[in-house]
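S.K.: I'd like to ask some things about the structure below.
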Amino acid sequence: MKMRDSISKKQECKLFPNQRIIGRWHRHPYRIVRELGYGATGTVYLAESESGPVALKIARDSMSITSEVNVMRHFSKVQGPSLGPCFYDVDDYLTKDAVFPFYVMEYIQGESFLPFIRDRGAEWMGVLVVQLLNELYRLHQIGWVFGDLKPENLLVADSPYRVRWLDVGGMTRHGRSIKEYTEFFDRGYWGLGSRKAEPGYDLFSVSMLMINCAYPARFEKNGTPGIGHLMGKVRQKQLLAPYEAVILNGFQGKYQSALAMRTEMLNIIQDNSFNRKNKMNRAGSAKVATNRRAYRKNVTTAKEKHRWTGVYETMLIGTFLLILYILYLFGQ
Amino acid sequence: MSKGTLRQLLLLTDGCSNSGEDPVAIAALAKEEGVTVNVIGIVNDGEMSEHGITEVEAIAKSGGGISQIVYARQLSQTVQMVTRKAMTQTIHGVVNREIAQILGEEKEMEDLEPEKRGQLMEVVDELGETLDLEVFILVDTSASMKNKLPMVQEALVDLSVSLRSRTGNNEFALYSFPGKRSDIEKLISWTPHFDSLAGAFKKMSTSGVTPTGPAIQEALRFIRNRMKKRGTDEDERFDLEEAGM
């Protein structure tokens, strides 16, 4: 057997802007625009295809590329509106002395997850997490687990704002062992569960995702057993305070499904925005706009309440007068 | 294909061998016997010599496995990743051999069109999930390793957490080298999981010599004996031994 690559000196396939590559099997041409990012399993480029911009992932190791393509193909069969990027093509790029397998998928434009929340305000964390839980629920329903859930693998797409995921490298069939993970988001790392692919594994990561919003630099485990340490961190941040119970339940695997966690998140967000209606005047144009909208809504509800109370009072007095009048008539 | 066993030897070291047979040669022997040799070189602050790094890579290469140089604090994720990757690679090798038999010499998975490759990869993934795995872990405990041992301990418990999530069975054995009287010393004999390794490394004498070659040799002897013992009551096995892995 050929030793393909020891990890320590893995050869990368470096492509340059304007470089044209043509697949060995399907002969589709692609023109590289720029690098979008790189991860453990390869480099992703923005490229121009015959039918528009695409994302192209290329690597040295055919095993991981093939595995990811398998996952993507699976979803292109069952896809409703986008669980992840759509899959377009898989092929090999031949150079003089090597073969680089690559695949081509939808290019999703959007903002990075953490900066988006940082720039637009804390209320977005709850909203995006609720959206994410909905997507996760659908994924779990068809027997898959996301696995490597972290902000780097998420993107907030524009109009309407919607959280989408980018990387399917960690996606694992229900019941198997998680293919790829990142320690901070991994319940095994914190000593709080196994690495078996099940909905609870992803929900743990969702709790950690919220913690990551408050601690962008993340942190490592210390001597104290997992849950005490983590909940201590949660209590130190105001951003996380309203969600303390949800985060804890996520850690303890208390939710039957992503939907149950979503419902609780929703309840908290709804209560929370009522409590805070008076202290909403922060800087930032986007925030001001949303706040103003929220404020206006709160004012209207208050006014409405007022009007309704008035109507009741009038009716009550009216009834009282009517009874008096009837009594007066009977007295006659 | 019936259920079989993948065998790996995982070597954790921080430097160069300086006594006994050439570990690269012994690793080649291990590969011939169907045991994959993976090596993780642990460094503190780039303190590992060029020579040490070269040896780590050479041992893994001739042992049909994977090597990685890491800082002690990144050890956990590396250990589990190397183990899993090596499993996939081994199975991939067997699948390639089958392809060569069907399609003729010089053909392997990469020569198939991507669609067929995908179907084969499903099989590789499936086998990686369900095959039994035996990992013989050999930890270098020469003097310079002393402050890295707590990290090693943590990484091995973490490996156990990862592998337990598989469908297939796992067995681990933990040995250290150099031993007090022999080349290697048993710390924990074959077990399905490491619950706690607290204290496992306590009773070790740390010495200056690093007899990596003899240690792998001795480890192979243990693995061989175990295979013999098991071979008698299980005749149908995944034939990795003959696969020339």
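Even glycines carry a Cβ here, placed using N, Cα and C.
TrEMBL lists A:30-309 with the feature domain 'Protein kinase'. Under the heading ATP binding site, TrEMBL lists A:Lys57. For A:311-330, the entry in TrEMBL reads transmembrane segment.
Locate each feature and note its surroundings.
M.R.: In the three-state DSSP scheme, A:Lys57 (ATP binding site) falls into the strand class. Long-range Cβ contacts of A:Lys57 (ATP binding site) within its own chain (separation 6+, distance under 8 Å): A:Thr41, A:Gly42, A:Thr43, A:Val44, A:Tyr45, A:Ile65, A:Glu68, A:Phe102, A:Tyr103, A:Val104, A:Met105.
For the transmembrane segment (A:311-330), no residue of the chain approaches it from at least six positions outside its boundaries, judged by C-beta separation under 8 angstroms.
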